[in-house]
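> Take a look at the following structure, please.
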Amino acid sequence: MTDRSFDPEELGLVAGLEIHQQLDTATKLFCDSPTTLHDPEESQRTITRYLHPTKSELGEIDEAALEESQVDRTFEYLAYDTTCLVEEDDEPPHELDGEALEVAMQIADLLDMHVVDQAHVMRKIVIDGSNTSGFQRSTLLAQEGEIETEDGPVGIEDLMLEEESAKRVEETDEGVRYSLDRLGIPLVEIGTKPDISTPAQAREAAQRIGMLLRSTGTVKRGLGTIRQDVNVSIAEGARVEIKGVQALDQIAEIVETEVRRQKELVDIAAELDERGAAAGDPVDVTDAFADTDSGVIAGALNSGGVVHAVRLAGFDGLVGTEIAPDRRLGTELSDHAKRHGAGGIFHTDELPAYGVTDAEVDALREAVDAGEDDAVALVADDPETAELAIEAAAERAETAIDGVPEETRGANDDGTTRYMRPLPGAARLYPETDVPPVEPDPSEVETPELLTEKVDRYQAEYGLGAGLAEQVAYGRRMPLFESVVADGVDPTFAATTLESTLTELRRHDVPVGELTDDHLRDVLGLVEDGDLAKEGVGDVLTVLAEDPGLSAPEAVEEAGLSGVNEDEVREAVAEVVERNAEQVDAEGMGAFSGLMGEAMGALRGKADGEVVSDVLREEIQKRA
Amino acid sequence: MTPSPGDRVRVERAGVTDEGVLMPSSDEEHLVLKLEGGYNVGVDRADAAVEVLEGGARDVGEDADEEGDASVVAFDDDLPTVALISTGGTIASTVDYRTGAVTARFDAEDVLRAVPDLAGRANYRGRVVANILSENMDPETWTDLAEAVREEIEAGADGVVVMHGTDTMQYSASALSFMLDTPVPVVFTGSQRSADRPSSDNVMNAVCAVEAATSDCTEVLVCMHGTPSDDHCALHRGTRVRKNHTSRRDAFETVGAEPLGRVDYDPHEDRVDVSFRERKAYARRGDTDLAVASDLAEDVELVKFTPGMDPAALDYLNGKSGVVIEGTGLGHVHTDLIPRFEALVDDGTTVVMTSQCLEGRVCDRVYDTGRDLLDAGVVEAGDTLPGTAKVKLMWALANVADSAEAMGCDLAGELTEESKPWV
C-alpha cells in the first residue's frame, strides 16, 4: 500500500459480515424443482421480461430499486427441463420447503440463536432482473446469536432463509441473460453485529461461520455456493456494504483497502471543504472537440454523440488522487457515469492524454469557465447517455465534499471495490402475501456435530491420522463417509478411498467430478462384500468416472476385475506354492513375502490382498 | 397504553429485544413487527412485553396507499382520448394487511399513477364502475358497464379500456359484445400477476390495451399476454376468448380460431405496433353507430353434465327463462336426463346445447341421443363457447323476439358458420 498509515483500530474500524450459503436440499425453497445446475446450452426455452419498481406496503419506493429501474433493460431467462412455472413467475410460490427450514434451524442452533415465533416471508425488491418476480423472497428466521473468535466474541444479528437469485449468464445488447437453474435454491444469510475491529478478526469470523455451516452436511459446496458481503465503516466514514467477496483469503485485504479508501475520502473532503469546492452544472462542450484526435471522443461524435462536461470548482489535483490501489476519486466519478451506460469519464487531472491535446484542454476549461484551481470532468456519448452520465458524475463529486457516501459496492478481484448502487433501505421489503407465515418449531431440531468435533472423533474412534481426519471432515464427501461407515465399511479404507484415491485419480486426469455419491457407495460396498479387491478400487472408479452410466458391478466387469472367488484364489496360490515347492520346503514361512508378490501378480489385482495372504499362509502351512 | 398498528414499539421476549413498527396481524396469537431493516416478524403475544415508544409513528393499513402526488395530466389536442374504466382486479390492486390477500383499491386515476408508461399515448378519462374482485362480478354490473361505455363514447372517447379482473373477464367481454354497437374499440385488459410485483404483466397489458383502443378495430376485444414473455399481447374477440390457465400470463386464448390481432411491444424502441390478421373480418371506425341494448334476463343457468349426475341437480332449473347445457362430445347428456330437459322446454324454458369439448361445434343429428335432444326441443348453439352462450341467452331473452332462433345465429362473432380453426 502506501507509506501513510491506515491503522484500522486507530481509525475506528467497525465491520460486520454477511455470509450467504446455499443449502443442499432436494428441492427449491418455494417449488419442487431440483436444486441441480445446468449448462446454459441445455436450455430449452427462453422468456423475455421487463421489470418496473413498485411501492412497499407503506407506500414507499426503495431508492436502490428506483435507480436500477432508470436503466431500462430487457431480461432474458434460460429455462430447462427441470424449470417449473413458479421459477418463471407464472405460478404462485408453493409453501416454504420443510427441509430448508429444518437445516436453517440447525444453523441457528449452531450459532446460538433464537428462532422467531412466527416467520414472515417478505419480498425484497431486486429489479436488476436476477429474480423473475422482481423480488427475492426472504424470511427472518432467527435472531441474537454469538460466535467466538480469538479477538473476542462476535454477535450474530440475524439469520434469513431466502431464495438464491438467477445466475447471470451474460450481458446482451439490450440487457442481461440469466439462467433459471440457480433461482430459488434455498440460501441462508447470516449477518454479524458490527463487532469486528480488525481485518484478521473479520477473516476468522467468516471462517468460523463457514465451519459451522458445513457441519450440517446439508450445504452446497464449490465455487459460488458461499458468498461473503462485508460491511465496513471507519469513525469519520460511512457504512459501505461490499458485495460478492469470493474467497475468505480476500476478506482481510478488502477491509484494509476499504479502510484506506474511506480515510482518503475523508481527507479529500476536508481539503475540498477548505477550498470551498463545488460541482457546477453540466455544459455541452462538443465544439471544443470538433477536430479531436482522441479515439474515444471522435468515436462518440462520429456516431451522433456529444461531449458534456462539468466544472468541479476547487477540485484540481484531487480528482487524480489515489484512494485505493490504482483507483482515484476520478474512478469513483467514472463508476457512477458507467451506471448510466457511459464508458467512463475523462478529467483534467489526467489530461492531456488519450489523444486529447493541450489546446483542447484549454478550450474545455474555457467552455465551462474553469480556473486553474478547478478540475473538469467530461463524458462523450450519445446525447441521452452523456447527459445522465455527467449528471451522475457531478453528483458524486458533490458528495465527495461531504465525505464518504453510504453505498453498496462490488468486490473486484484485486481487493479493490467499485460502486454498485445506493444502500437498499427498509422500503424494499414488503410481505409476500402468496405464502402464509410459518411457525417454526426448533425443539425437534438435532444439533449437528461440529467439524472440529468430527476431526477429534475420527481420530479417537476410527484411528484415522490427524491429517486424513481433517481432510474427510472438511471435505465435501463427509456425509457420504459417515453414511458408508455406518453401513459397515472400514473407516480407514473409506477415508483413504474418498480422499487419497480420488485425489490421485484426479491428478491422473480421471474426471472424478462425474462420480456420484451412489457410485462411491456402491464400489465401497462391493469391497465390503468381498466382490472386489481393495486394489481394484482405483481401476473401477476410473471406469465409472469415464462412463457414469454404468453400475458398479458393470464397471468391475469392464475393468476386467470380476469373477475371482476364494476357490480361484486358492487354486492360483496353490499353483504358486507348487511351483516354488523347494523354497517352501526349505524356508517354511520365510518364503511368504517372496511368494506373496508372485501370487498377487498371478491374480493381477483381481483378488483382495488380505484374502490372498490368508490363503497363502494356509497353503504354506499345509506343506510344513 | 394498548399498542395499536402504526405505533413504534419495543418488544421483549425470551432474551430477544426487537424495535419496530407494529403492523396489523392476521391472527390473534401474534404481534407482527416491522423491524428497522424492513423485515416483518411475528412474536407470541402472550409471552411478549411490549412498550410503546411512539404512538402513531407510521400510517399503516387502509389509508397508507392513498398518499402520493395527484397527477395532473395535461390535455394534448394531438392525442386521441381513451376512457379508462376500472372494475377492480389485479391490474390496480394492493396488499391488504388484515387478510394478507391482494385486493383492489385503486380508481382509474391511480392506474395512471401506477402505470406511468401510459403517459403520452392518449388523453385519459378515468372512471370507476365497480370496485370488486372479478369473481364477484354480476349481470347488473355488466349493464352498468355498458351504460358507462355509452356515456364515455358520447362524451368523446376515441376508445375505451376496461380494467377487469381476469377470472370473469371473458363473461363481461361477452356481455358487452352483445349489448353494444360501438363506433370505437372497447378493450378489456387485466393482469394475471398482481400489480404489487415488479414483474407484473399489468404495465405491458395496459399499454397494449390503450394502443388497441386507439386502433381502427371497433370490436369488443380482450388484450392480454400472447406468450409468457413480455413481447406481445394477443387481441381476442370478446365472445371467443377463454381463460385457459389459472396463473400464466398467456392464460387467455381464442378458442377454435386464431386471435383477431396482436400488439407488439418493445419499450426500448418505445414502439407498440397494433396489427390484425388479414383474413379476419372486423368492424372499423365509421362502420357502426353507437347503440346500447343493456337489458338482461338474469334467470339463466349454465349446467355441466357429467357421468353420475343426480337428476335432482336439475330441479333448481324449474321455472328459469333459459338453460344452457354443457354437454359431452357433440352435445349429449345421459339418455335418462332427456325427459327432464323436455319438461323444461314444455314449461317455456329455452334450453340450449353447447359442448364441454370447447373446441368444435355441437351436432345433435349424428347419434340417437342427440336426435332425441333435438326432438325434446333443445336448441344447438353451434360452436359458441358455453360461458358465452349463457351470456348470449341472457341477452337474447331480453332483447330479441325469438331467443331460440338467435342462439343458432351469429350476433357478435360468437358463432362461426364454418369450422376453420386455422383462420
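Cβ coordinates come from backbone N, Cα and C, glycine included.
A TrEMBL annotation is a machine prediction, not a hand-curated record.
Copying in the features that TrEMBL gives for the protein in this structure:
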DOMAIN    B:5-53  domain 'GatD N-terminal'
DOMAIN    B:82-264  domain 'L-asparaginase N-terminal'
ACT_SITE  B:T90  active site
ACT_SITE  B:T166  active site
ACT_SITE  B:D167  active site
ACT_SITE  B:K243  active site
DOMAIN    B:299-405  domain 'Asparaginase/glutaminase C-terminal'
> Could you give the mean pLDDT over the domain 'L-asparaginase N-terminal' (B:82-264), rounded to a whole number?
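Here the mean pLDDT over the domain 'L-asparaginase N-terminal' (B:82-264) amounts to 88.
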> Applying a 10 Å Cβ distance cut-off over all chains shown, what neighbour count does B:K243 (active site) have?
20
> Is it possible to get the count of other C-beta atoms within 10 angstroms of the C-beta of B:D167 (active site)?
17
> Quick one: DSSP breakdown of the domain 'Asparaginase/glutaminase C-terminal' (B:299-405) into helix, strand and coil?
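Across the domain 'Asparaginase/glutaminase C-terminal' (B:299-405), the residues distribute as 44 helix, 21 strand, 42 coil.
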> Applying a 10 Å Cβ distance cut-off over all chains shown, what neighbour count does B:T166 (active site) have?
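A count of 25.
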> Between B:D167 (active site) and B:K243 (active site), what C-alpha distance do you get in Å?
7
> Give the distance between the Cα atoms of B:T166 (active site) and B:K243 (active site), rounded to the nearest whole Å.
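So the alpha carbons of B:T166 (active site) and B:K243 (active site) sit roughly 8 Å from each other.
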> Please report the three-state DSSP label of B:K243 (active site).
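Strand, per DSSP.
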> By DSSP, how many residues in the domain 'GatD N-terminal' (B:5-53) are helix, how many strand, and how many coil?
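Helix (H, G, I), strand (E, B), coil: 0 helix, 30 strand, 19 coil.
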